[in-house]
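K.L.:
Pulled these features from Swiss-Prot for this protein:
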ACT_SITE  198  active site, schiff-base intermediate with substrate
ACT_SITE  251  active site, schiff-base intermediate with substrate
BINDING   123, 125, 133  Zn(2+) binding site
BINDING   236  Mg(2+) binding site
BINDING   277, 316  5-aminolevulinate 2 binding site
């Protein structure tokens, strides 16, 4: 590849003013790239801020519609729902109950805000007494028993209005059985966004407070991925695509930009990246202390995720980013 030499080649010529920089800009972040996470909890008339995530709230079902309308009115096309039930049990049965927290939220949102695209997180950690992502056996998650419960959960979500389901538990074979369950129940049109490369990350701390989903014992390293592994991430992604994933995800995003890029180069399905709670809270905390320009660092972070190859980004910054776009700050 010939790139030219100085002095005949001067890259600064194309940085001389904002107009030329706009013309040659390679990566663009738009409203169409954003998905906003929303926490729905039990109770009534509840709007409570998550202490470790300034600006992020938990909503009761009767209050969640206002939050969704705000997202819709900003031009953000999609939300992803996480539920916090009143009652937990050993298997997380609220996840497939007709009166489960997600089911009630889905019905209300789809009735009152039908033009928002609703993705549901499909897992068990928020719903089990032990905080792990499935059925326990000998102090570990039993993979195949968990698959049976996942099938019940996704069909229930689809019946109550989910536009897309997003299994996040990192169970082997989960995409295959979910696709089969949806198809058999008459939901062949419902896509699957698989949390394909989900790492056992320390960046999840604030989320576990928000969703009340911290494990009661041990950790999740027997099912979530080792942060040291890159080739294994690609293996997980390719297996999910073969099993029927319509979208694949890398989580977290910022510390795993290399994984996003590798996945993008090796699959033909859209790639989602999850800009997780710890990434959000780090920027919020440093911004509050005046150590960084919060808006600029937030924008640069999201832009880096898009540049790495993400086709869509789940981010708690979605509303902030949308306002910057609308107000012409970028």
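Even glycines carry a Cβ here, placed using N, Cα and C.
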K.L.:
Measure from the Cβ of residue 251 (active site, schiff-base intermediate with substrate) and count the other Cβ atoms within 10 Å, all protein chains considered.
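P.N.:
So the number of other Cβ atoms within 10 Å of residue 251 (active site, schiff-base intermediate with substrate) is 24.
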K.L.:
Given the recorded positions 133, 198, 316, which one's Cα is the least distant from that of residue 236 (Mg(2+) binding site)?
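P.N.:
Smallest Cα separation from residue 236 (Mg(2+) binding site) among 133, 198, 316: 198.
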K.L.:
Please state whether DSSP places residue 236 (Mg(2+) binding site) in a helix, a strand or coil.
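P.N.:
For residue 236 (Mg(2+) binding site) - judged by DSSP and reduced to three states - the answer is helix.
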K.L.:
Quick one: Cα separation, residue 125 (Zn(2+) binding site) versus residue 198 (active site, schiff-base intermediate with substrate), in Å?
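P.N.:
Spelling it out, the Cα of residue 125 (Zn(2+) binding site) and the Cα of residue 198 (active site, schiff-base intermediate with substrate) are 14 Å apart.
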K.L.:
Using C-alpha atoms, which one of the recorded positions 123, 251, 277, 316 comes nearest to residue 198 (active site, schiff-base intermediate with substrate)?
P.N.:
251
K.L.:
Tell me the Cβ contacts of residue 123 (Zn(2+) binding site) under 8 Å, same chain only and six or more apart in sequence, or just say none.
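P.N.:
Listed in sequence order, they are 133, 167, 168, 169.
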K.L.:
Taking the Cβ of residue 316 (5-aminolevulinate 2 binding site) as the reference point, list residues of the same chain whose Cβ is under 8 angstroms away and which are at least six residues distant in sequence.
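P.N.:
The list for residue 316 (5-aminolevulinate 2 binding site) reads 36, 37, 53, 55, 56, 275, 277, 280, given in order along the sequence.
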K.L.:
Within 10 Å of the Cβ of residue 198 (active site, schiff-base intermediate with substrate), how many other Cβ atoms can you find? Include all protein chains, please.
P.N.:
26
K.L.:
I need the least crowded one of these binding-site residues (125, 133), counting other C-beta atoms within 10 angstroms of each C-beta.
P.N.:
125
